[in-house]
Amino acid sequence: MARKRASEPTTIKTTKEAIVTSDKETKPPPPPPRETSNDQPIAPPKKGFIFKLSLLLIAPYFYLLLFHYQIQHDLIKPILINAGLSLAGFFLTVKLIPVASKYVLKRNLFGYDINKKGTPQGTVKVPESLGIVVAVVFMVLTIVFQFLNFAPDSNWLVEYNAALASICFMTLLGFIDDVLDVPWRVKLLLPSIAALPLLMAYAGHTTIIIPKPLVPYIGLKVLDLGFIYKIYMWFLAIFCTNCINIHAGINGLEAGQTVVIASAILIHNVMQIGASADPEYQQAHAFSVYLVQPLLATSLALLSYNWYPSSVFVGDTYTYFAGMTMAVVGILGHFSETLLIFFLAQVLNFLLSVPQLFGFRHCPRHRLPRFDPQTGLLTGTNDGTLVNFYLRMFGRKTENSLCVHLLLVQALGCCICFGLRYLLTGWYK
């Protein structure tokens with residue numbers, strides 16, 4: 001899998017033991033990795049960047065929620081309570097990440113930034129698996145919100161708890177993967193185990209609406225898939241969890257893509273709540289909002305440390321946690337088709353990765369682009385990832401510029417989804 005972590009080497013080796021100049025003088029080898037003190041603080045969060053990004057992504061959501069649509073008070077109130085808790089979770093996560101960084105360094109859970117190898121930044125021990133902080137804060141927020149919002153006899157309480165169980169289970173398995181570094185074939189199985197609580201508790205409909213152009217040929221407007229629908233949800237959870245994990249490898253990409261998709265999910269939910277008069281349909285999308293707002297807030301806090309140059313690594317703990325959370329909200333919010341279009345960049349990355357993931361081509365441990373320490377540019381390799389494909393198509397780029405471009409591609413995929421829903425409404429379904 002394309003992962004950025006490189007915690008196993010204790011020294012950095014160059015491709016040549018020494019570089020001999022024209023006058024036969026030998027340059028000294030690069031310095032060994034710096035033994036970073038456990039008490040040395042990590043770089044401060046990039047608050048200015050996160051503030052601007054938050055305004056760009058969240059402002060449309062709150063405009064739709066508070067001004068554009070006339071949403072009932074009993075729906076807006078819990079959403080705003082959840083938003084307040086999420087804001088508190090953002091600041092709590094920002095405070096906890098430096099504290100957790102010291103502890104993971106003490107346990108030798110760190111990595112070297114491969115895309116900075118050959119530069120001073122490439123010799124710094126970077127704390128790994130800081131996604132565990134995001135997951136813990138998220139769980140606390142959602143449990144507190146459950147106490148404030150759901151009555152003991154609420155019809156949604158069983159599915160809400162099942163969703164939290166699946167997310168918590170996936171977080172645990174992701175942290176185990178960070179510690180044990182399990183093979184990628186085993187990684188494919190982990191989400192299938194974590195999704196079981198959700199599938200067992202799912203009591204929603206198992207029907208699909210037949211597209212209108214196909215109704216004359218099938219003879220049905222609604223088709224009940226029964227148990228097959230649960231198998232579909234199972235595969236969706238496996239895909240969403242793993243696709244975040246394999247679309248990675250540069251500073252800010254894992255947390256950044258989650259922030260973009262989560263923002264799109266929030267906008268989609270509030271549009272569906274505002275456009276519908278069905279209370280059950282509205283509640284399903286509100287249920288999704290209750291889980292996505294804390295995800296977005298805590299992910300923004302993590303991104304403030306993970307943005308280039310990254311001072312922490314998110315680890316598989318975060319990618320599995322984020323992927324499972326978005327799969328859960330798509331399943332329980334009943335918009336799995338829309339969710340897959342939001343994951344357009346991840347679908348493309350998966351298709352490019354298939355030959356290597358299934359053994360048709362050699363799959364190295366780190367499917368990363370080549371870094372040139374002289375120019376600071378990344379060059380795409382022949383590995384099947386969207387990161388390398390983009391570099392091969394559009395030329396060499398700095399790591400920061402490449403991440404921005406890939407997140408714009410992610411945002412473009414979400415915009416395409418909204419455009420398709422607008423154009424096909426009334427004709428397709």
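Cβ atoms here come from the backbone N, Cα and C positions, even for glycine.
Note that TrEMBL annotation is computational and uncurated.
The structure displayed is predicted, hence computed values, not measured ones.
The region 'Disordered' annotation in TrEMBL covers 1-43.
Residues or ranges marked as transmembrane segment by TrEMBL: 49-71 (among others).
If you look up TrEMBL, you'll see 83-105 (among others) marked as transmembrane segment.
Per TrEMBL, transmembrane segment is recorded for 126-148 (among others).
Feature annotation from TrEMBL assigns transmembrane segment to 160-176 (among others).
Residues or ranges marked as transmembrane segment in TrEMBL: 188-211 (among others).
Marked as transmembrane segment by TrEMBL: 231-248 (among others).
TrEMBL lists 255-275 (among others) with the feature transmembrane segment. Residues 53, 57-58, 60-61, 64-65, 68-71, 75, 244, 247, 281-282, 285-286, 288-289, 292-293, 295-296, 299-300, 302-303, 306-307, 314, 318, 322, 326, 329-330, 333, 335, 338-339, 342-343, 345-346, 403, 406-407, 410-411, 414, 417-418 of the same chain lie 6 or more positions beyond the ends of the transmembrane segment (255-275) yet place their CB under 8 Å from a CB of it.
Counting same-chain residues at least six beyond the ends of the transmembrane segment (287-305), those with a Cβ under 8 angstroms from any Cβ of the stretch are 42-43, 45-47, 49-50, 53-54, 58, 78-79, 82-83, 85-87, 89-91, 93-94, 97, 130-131, 133-134, 137-138, 141-142, 145, 149, 156, 159-160, 163, 252, 255-256, 258-259, 262-263, 265-266, 269-270, 311-312, 314, 318, 322, 325-326, 328-330, 332-333, 335. Taken from TrEMBL, the feature transmembrane segment covers 287-305 (among others).
Look at TrEMBL and you will find 317-335 (among others) tagged as transmembrane segment.
Residues annotated as transmembrane segment in TrEMBL: 341-360 (among others).
The transmembrane segment feature in TrEMBL is assigned to 402-424 (among others). Sequence-distant contacts of the transmembrane segment (402-424) (same chain, at least 6 residues past either end, Cβ-Cβ under 8 Å): 250-253, 256-257, 260-261, 263-264, 267-268, 308, 338, 341-345, 369, 378, 386-387, 390-391, 394.
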Problem set entry | Top partner of the transmembrane segment (341-360) among 126-148, 160-176, 188-211, 231-248, 317-335 - counted as Cβ pairs under 8 Å | 231-248
